[in-house]
Amino acid sequence: MAVNVRDYIAENYGLFINGEFVKGSSDETIEVTNPATGETLSHITRAKDKDVDHAVKVAQEAFESWSLTSKSERAQMLRDIGDKLMAQKDKIAMIETLNNGKPIRETTAIDIPFAARHFHYFASVIETEEGTVNDIDKDTMSIVRHEPIGVVGAVVAWNFPMLLAAWKIAPAIAAGNTIVIQPSSSTPLSLLEVAKIFQEVLPKGVVNILTGKGSESGNAIFNHDGVDKLSFTGSTDVGYQVAEAAAKHLVPATLELGGKSANIILDDANLDLAVEGIQLGILFNQGEVCSAGSRLLVHEKIYDQLVPRLQEAFSNIKVGDPQDEATQMGSQTGKDQLDKIQSYIDAAKESDAQILAGGHRLTENGLDKGFFFEPTLIAVPDNHHKLAQEEIFGPVLTVIKVKDDQEAIDIANDSEYGLAGGVFSQNITRALNIAKAVRTGRIWINTYNQVPEGAPFGGYKKSGIGRETYKGALSNYQQVKNIYIDTSNALKGLY
């Protein structure tokens, strides 16, 4: 299936500052391509420090009035954004597919609708938020107010460009903040098109979108003195840099980083559910998911029964044209990611690991211009293996045999990460006990990779700081002010 790219995507994009697309301070641009075909989609402006400074100052000015708008006004604007996203769902989903390489069935059913739902959700959250009053005694009262922080500086990863942007923009502006946000330089196009919705709905300067390199303009956003709150989704290595910037400027930061999550299949699991859940855990979005269930821990009693079923399931996955509704897995997002995946396959071949399924780049039937990789299953002898410890970020699943629940817990916790995990069992008490013992921010039971609004998402350990996607995330973007009132009109007698 082929579409006319210009029906969806402009040939060039400027920076979105103060409600308008504007030229950058430099004439430098970055080429944006379709990873499935190599086709050039657009050229974006390469923002410089001067552009970051301009955007932050605009956001500061807009904050003065935006922070004073009523909650009901803000809620209505968020609902309008969500409604318009859904009205343009098919167009924005196609842009996401063209730019990211993920299947159209995913962008249409998940990425864009869930982004819209986050705007609707945080509209309701801000409308129903209430402060508190504590009558300390008959003469003194403590009032707790939740106030916006100011200007939010955010950078989001390339794997879910629009959805991750919604995770940050919706609560930030719901709370009364303004935001300067930068998408990945390789996948910026959906957010740039959605800027046209912001243009229609929001006052100027509330949302500002910069494009450029993370190491340049992204770093400048996080280190700007005018930014009051940092929010980042991406690798743990870059997360350290964002945390350092937050410490240097003494501002709060929300960090959603890497993972190496364990998906535990117990001997009493429903194997039909387990096989589907395993695929959801590692093949969804081509495995380019921070919460991917990339370590499969299988009870030894069912190992020989489950593994052949997985081999068959993996071999039947339709990998191909992301625009085809029948495609189940599309292209990896770029050559760097494909090369990284291949390096782990090479490491497996040079070790005592055993490749049970896949392990190859796909180039036949017109796939040679893209970055397609087979669903891959690799048995490793133990959790100390390189493939069991390092985040691959692709459709590569390592499988480890375990003898009992405690060994599964111990292996699951033997990781520097703690973002997510899964347990498959028909005994809910057994599953809950494991879920409570595994040190991660999210555990799915009898499913995987479900990310609805209303359920907190975030990690332990090196997987990050803070939680997103639920009502408590609003507090990430607020200051708490206490007003203490003494009505006694009496001297305290200390001086």
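For all residues, glycine too, the Cβ spot is worked out from N, Cα and C.
The C-beta environment of GLU216 (NAD(+) binding site), restricted to residues of the same chain at least 6 apart in sequence and closer than 8 Å, consists of ARG46, ALA47, LYS48, ASP49. GLU216 (NAD(+) binding site) falls within a helix when secondary structure is assigned with DSSP. Swiss-Prot lists GLY212, LYS213, GLY214, SER215, GLU216, SER217, GLY218 with the feature NAD(+) binding site.
Taken from Swiss-Prot, the feature active site covers GLU256 (among others). The Cβ of GLU256 (active site) has 29 other Cβ atoms within 10 Å, all protein chains considered.
Positions annotated as active site by Swiss-Prot: CYS290 (among others). Listed in sequence order, ALA157, ASN159, THR233, GLU256, LEU257, GLY258, GLY259, LEU419, ALA420, SER463 are the same-chain residues six or more apart from CYS290 (active site) with CB atoms under 8 A from its CB.
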Compute the centroid of the Cβ atoms of GLY212, LYS213, GLY214, SER215, GLU216, SER217, GLY218, then list the same-chain residues not in that set whose Cβ lies within 8 Å of it, in sequence order, for the NAD(+) site.
ALA47, GLN182, SER185, ASN219, ALA220
For GLY214 (NAD(+) binding site), the number of other Cβ atoms found within 10 Å of its own Cβ:
21
Could you tell me which three-state DSSP class GLU256 (active site) falls into?
strand
